[in-house]
Amino acid sequence: MNLVLMGLPGAGKGTQAAKIVEEYQIPHISTGDMFRAAIKGGTPLGKEAKSFMDKGELVPDEVTIGIVRERLSQDDTEKGFLLDGFPRTVAQAEALESLLKDLGKQIDHVVNIDVDAEILVPRLTGRWICPTCGATYHVIFNPPKVEGICDVDGSALMQREDDKEETVRRRLDVNIEQSKPLIDFYAEKGYLRTLDGDRPIDVVYADVKALLGDTE
């Protein structure tokens, strides 16, 4: 079973991915993990990717696709895989189809965990940290006993720049703009299944299982 998992930051994609790979016994393959493994392994493509990353530049598609090809050629993908964070563009999706064809494989399902951006903003802006001890809180999921104060040492909590509302909204806008052509691409191919992610985790996963079917 070969899957692509899509969803905005905070939509619960990681949670669903963990449940899928545990039940279906397929590897969870993220772009970051692939890059780190290639770099750690000192592969030619890994070295090439590192040279771009060290300069703060985007890794070109041809390098990324090469690393994806290497990863999907490994033995643990024989029964399937779950791709997370790749592809990000239609060009990458087309390249993925081509390389899978070369490997005698194809995408079975593209699962899009859909949650409205306005629901995601509070989830993504709710994290506050203690600058003294590093304790992490979330105003919805793990609030401190006293608002704005660390339970451990009484320090005033702070919010990282990445977690501020303006930054979060900008990041979501970019993700929505980038993902729309990809969603349209997979919808036209007939692979796309969009699930409502604004429900309890187990309810969403029940829909995922209904889509994917029983384990073999």
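Quick reminder: no glycine exception, Cβ is built from N, Cα and C everywhere.
The ATP site in Swiss-Prot is built from GLY10, ALA11, GLY12, LYS13, GLY14, THR15, THR136, TYR137, ARG199 plus one of ARG127, ARG193, namely ARG127. Of all ranges given (30-59, 60-89), Swiss-Prot attaches the label region 'NMP' to 30-59. Outside the region 'NMP' (30-59), and at least 6 residues removed from its termini, the chain residues within Cβ reach (under 8 Å) are 66-68, 70-71, 84-86.
Taking the Cα atom of each, GLU57 (AMP binding site) and GLY10 (ATP binding site) are about 25 angstrom apart. For the pair PHE86 (AMP binding site) and GLY12 (ATP binding site), the C-alpha distance works out to 16 angstrom. For the region 'NMP' (30-59), the number of residues in each DSSP class (helix H, G, I; strand E, B; coil) is 21 helix, 1 strand, 8 coil. Annotation: TYR137 are the binding-site residues among GLY10, GLY14, THR31, TYR137 whose CA atoms are within 10 angstroms of the CA of CYS150 (Zn(2+) binding site). Packing around GLY14 (ATP binding site) is summarised by its Cβ count: 16 other Cβ atoms lie within 10 angstroms of its Cβ, all protein chains included.
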